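Reading through the structure tokens given below for one structure.
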Amino acid sequence: SGTCTIETCWMRLPTFRSVGEFLKDRFDGASRVALRNEGVRGNSNRGDRGDRRDRGDRSDNGGTEANFQPYNSNHKPPGPRDLVYFDDSPDFCVRNERAGTLGTVGRECNNTSLGVDGCDLMCCGRDYDGSEVRIKERCSCTF
């Protein structure tokens with residue numbers, strides 16, 4: 001009796017949730033950096049389209065090596081898989097027309113929610129006015 005078992009292996013994408021959790025973890029550990037100018041060679045008037053071979057920013061493994069240094073000198077330099085940023089995000093809690101944020105003052109929030117619509121998060125730690133609304137309706141109930 002000859003039975004044949006065939007196994008096929010293929011790559012598959014991780015679940016959306018696991019990708020989101022991974023990115024959120026990296027986001028929470030992101031490092032603020034400044035760009036070092038040392039080690040960059042070539043004509044700075046060429047703009048972004050200059051020949052990469054002249055810029056001196058290739059690493060030994062053929063990848064691009066960014067010249068990032070920690071914004072705070074007490075912090076360690078970011079690794080090749082770390083998320084980095086140059087500027088802090090604007091404070092979305094306060095109105096800032098230049099950044100295009102309206103702030104959260106005067107917005108409705110849900111006092112019982114722990115999500116983004118919850119008062120604790122939306123009001124940015126400030127106090128908030130509570131109100132209760134009662135609506136009386138005819139229900140056409142039968143007993």
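From the backbone N, Cα and C atoms, a Cβ is placed for every residue, glycine too.
Taken straight from Swiss-Prot:
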LIPID     SER1  O-palmitoleoyl serine
REGION    38-81  region 'Disordered'
COMPBIAS  46-60  compositional bias 'Basic and acidic residues'
COMPBIAS  64-75  compositional bias 'Polar residues'
DISULFID  CYS109-CYS124  disulfide bond
CARBOHYD  ASN110  N-linked glycosylation site
CARBOHYD  ASN111  N-linked glycosylation site
>> So if I draw a 10 Å sphere around the Cβ of ASN111 (N-linked glycosylation site), how many other Cβ atoms end up inside it?
In response: 11
> Including all protein chains displayed, how many Cβ atoms other than that of CYS109 (disulfide bond) lie within 10 Å of its Cβ?
Replying inline: 16
> Looking only at Cβ atoms, how many others are within 10 Å of the one on CYS124 (disulfide bond)?
Replying inline: 13
>> At a 10 Å cut-off from the C-beta of ASN110 (N-linked glycosylation site), count the other C-beta atoms across all protein chains.
In response: 12
> Can you check what DSSP calls ASN110 (N-linked glycosylation site), collapsed to helix, strand or coil?
Replying inline: strand
